[in-house]
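Trainee: I'd like to ask some things about the structure below.
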Amino acid sequence: MKKIPSFLQMYSALIASPTMSSIDPHFDQSNRTLIELLANWLSSLGFRTEVIPLEGSRDKFNLLATYGEGEGGLLLAGHTDTVPFDEGRWQFDPFKLTEKDGKFYGLGTADMKGFFAFVIDAVSQLDLTRLTKPLRILATADEETTMLGARTFIQHSHIRPDCAIIGEPTSLKPIRAHKGHVGEALRITGKSGHSSDPSKGINAIELMHEATGYLMQMRDELRQKYHHAAFNIPYPTMNFGAISGGDAVNRICACCELHFDIRPLPNLRLTDLNEMLQAKLAPMFEKWGGRISLQALHDPIPGYECAHSAQVVQVVEKLLGEQCETVNYCTEAPFIQQLCPTLVLGPGSIEQAHQPDEFLSAEFIDPTRELLSKLIGQFCTG
């Protein structure tokens, strides 16, 4: 068995490999180099590695590494990409792991490339020949944009682990449920003309005013109809995030576009939500036809919930001595959950994610190593 780098050497190498994902091709980057790093390290530890190209991506890949045979066992999962960074707001080099005052700075230190350094370091300290069930490690692409990596993996994967842990930054607090995310663009095409005679045009802003009234009715109905007591905000939310329209004060507005999102609870199916949205805007479609269009800004992400009775929930709560929680942000959990019961649990704080001078506190290092070793022992040694 070959010797692998130290924890900090691996951590540094991961941060030094840029893997930003973005809808904008100018900022979007391949994760090939990082995937190859992980594959080489895990191969050195005796894992079988499979690098999986993602069709329809810009040179993106998943990695599945397996030690052992058969079904069951544990899947440790995470994404390899980061969001882009605002160069003017960073004091530290985003691609150089920098330790200062008990904090490790760098893009992806917390969210979440650093998790793979923790996993490989923990695995390297174990006697893997004692495993009686397989240990799998999954590294995905494009979580920060389309979740293409996780979506593709579940479509083609035949593995059935006993459970999965996604190492997103949760401050080592277990998460067993979160809301989903639906982003929509409502576009209204009017008819321009001189503002001195509004009757000769169709004002898209006025139509949008009418449409937002229907959407606000739907927002109130969602709040009344759906409830989940485990969430701090126990109902689905709707937010009008961006609007644009018109080009001159003396012209009838010919075009107006609204971007809004809905965060459904786990008990609200995406098909039901879409039907509700179409029905609520039906009067607009019937009256104005092709002047009204509704298009998804991204593939919808469903809500996610792992039953409290699941073995992984019971084991993790006992190991950590605390109850699982819920959050309002999204992860790949709704997709991995289709394979097996899944928890979100990892080092670092979500408060540092997507922030300038992202960091992971050194206080997470030893507890994370210990927790990963216990989880592998619990689920892979029978």
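Just so you know, glycine gets a Cβ as well, placed from its N, Cα and C.
Got these off Swiss-Prot a minute ago, pasting:
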- D81: active site (ACT_SITE)
- E143: active site (ACT_SITE)
- H79, D111, E168: Zn(2+) 1 binding site (BINDING)
- D111, E144, H354: Zn(2+) 2 binding site (BINDING)
Trainee: Just checking: which of E143, E168, H354 have a Cα that is within 10 Å of the Cα of D81 (active site), counting only these recorded positions?
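Mentor: Candidates kept after distance check: E143.
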Trainee: Of the recorded positions E143, E144, H354, which one sits closest to D111 (Zn(2+) 1 binding site) when you measure Cα to Cα?
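Mentor: Sorting the recorded positions by distance from D111 (Zn(2+) 1 binding site), the top entry is H354.
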Trainee: Could you tally the C-beta atoms, other than its own, that fall within 10 angstroms of the C-beta of D111 (Zn(2+) 1 binding site)?
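Mentor: Excluding its own Cβ, the number within 10 Å is 27.
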Trainee: For E144 (Zn(2+) 2 binding site), just count the other CB atoms lying within 10 A of its CB, please.
Mentor: 19
Trainee: Between H79 (Zn(2+) 1 binding site) and E143 (active site), find the distance joining the two CA atoms and give it rounded to the nearest Å.
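Mentor: Taking the Cα atoms only, H79 (Zn(2+) 1 binding site) lies 6 Å from E143 (active site).
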Trainee: For H354 (Zn(2+) 2 binding site), which residues of its chain lie six or more apart in sequence with Cβ-Cβ distance below 8 Å?
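Mentor: Those within reach of H354 (Zn(2+) 2 binding site), by Cβ under 8 Å and sequence separation of 6 or more, are V83, D111.
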Trainee: Across all the protein chains here, work out how many other Cβ atoms are within 10 Å of the Cβ of E168 (Zn(2+) 1 binding site).
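Mentor: Neighbour count, Cβ to Cβ under the 10 Å cut-off: 28.
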Trainee: Taking the center of the Cβ atoms of D111, E144, H354 at the recorded Zn(2+) 2 site, which other residues in this chain have a Cβ no more than 8 Å from that point?
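Mentor: So the additional residues around the site are T82, V83, M112, A353.
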Trainee: Rounded to a whole number, how many Å is the Cα of E168 (Zn(2+) 1 binding site) away from the Cα of E144 (Zn(2+) 2 binding site)?
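Mentor: Checking the Cα atoms of E168 (Zn(2+) 1 binding site) and E144 (Zn(2+) 2 binding site) gives a distance of 12 Å.
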Trainee: Applying a 10 Å Cβ distance cut-off over all chains shown, what neighbour count does E143 (active site) have?
Mentor: 25
Trainee: Note down the number of other Cβ atoms within 10 Å of the Cβ of H79 (Zn(2+) 1 binding site), including every protein chain shown.
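Mentor: That number is 30.
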